[in-house]
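Positions annotated as domain 'Sugar phosphate transporter' by TrEMBL: 23-297. TrEMBL lists 302-327 with the feature region 'Disordered'. The transmembrane segment annotation in TrEMBL covers 15-35, 41-66, 78-96, 133-150, 156-174, 186-207, 219-241, 253-275, 281-300.
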Amino acid sequence: MAPASKADKKAAGDVAAWMFNVVTSVGIIIVNKALMANYGFFFATTLTGMHFATTTLMTIVLRWLGYIQASHLPLPDLLKFVLFANFSIVGMNISLMWNSVGFYQIAKLSMIPVSCLLEVAFDKIRYSRDTKLSIVVVLLGVAVCTVTDVSVNTKGFIAAFVAVWSTALQQYYVHYLQRKYSLSSFNLLGHTAPVQAASLLILGPFVDYWLTNKRIDHFAFNFPSLVFIILSCTIAVGTNLSQFICIGRFTAVSFQVIGHMKTILVLILGFLFFGKEGLNIQVVVGMIIAVFGMIWYGNASSKPGGKERRTHSVKHGSDSSQVDDKV
């Protein structure tokens, strides 16, 4: 009875973590779109720096209250993580600017196979045939839903390549650092958020000027825009934390697969709140395929041999290999 109870608690925790990520991610998309569309605040990189500055304040308060314990993260690992994370943020912004929406979506979808490759190469993860096929079905479904026009140019391809690999490496590193140094999500944020905030607040205005040809010091701040900026920063604390919690629980690949459910939910909410203009048979079929693939992935990856870490050990001069726990 105890194992079942433990499994139920883990399942409940997984659902709660995922819902936390969905709510905060969708919320920040809506707020940021309103901030850009209604008030012309197009400084996405600088805004992300503000997000991490707010997250840093949260970690300071939590450390003062005793919710975050002292922990250690070596400087080389910290700098490597921040480098990947910042390249991810800037790369995604540039990719969106230089590419068609269709190619941008395809680039985002390619993060799943790249994350799989990283897990296979560094963690010796082995996927079953069903798990691989379920991932392909998820990618196919989301592609049918979201990909329309696709045009590629050289600089757009390079931007997308950098964005995809840096994002996959950043998400892989979240799981890797938490596991290697026994860091909680709060601890890891406490180490990484201040460095990301400082670097993005320094570089952000220059990157945003290069991308938009607009200077943030010329922006006409007013009370409504400040309210939306503060709201965006507040929600971002939950988004940043939920990402670390989810990757810590699910691994980067599972987080990417489950994360595509957010795409489906955003489409559904758009139909509910803004009418059925975008509802067509292509989108409906894509949603059905993607949801089927996600359910299949959950079942396939949880079965014995569906997704396992393979370890090799040497005993008394003879090679012996064994399959470690499921991940």
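Cβ from N, Cα, C; glycine included.
Just so it is clear, the model here is predicted, and its values are computed rather than measured.
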Segment-segment contact (the transmembrane segment (15-35); the transmembrane segment (219-241)) at 3 or more Cβ pairs under 8 Å: yes
Most Cβ pairs under 8 Å with the transmembrane segment (78-96), selected from 41-66, 156-174, 186-207, 281-300: 156-174
Proximity verdict for the transmembrane segment (41-66) and the transmembrane segment (219-241), three or more C-beta pairs under 8 Å: yes
Same-chain residue ranges lying at least 6 outside the transmembrane segment (281-300) that approach it to Cβ under 8 Å: 128, 130-131, 133-146, 254, 257-258, 260-261, 263-264, 267-268, 306
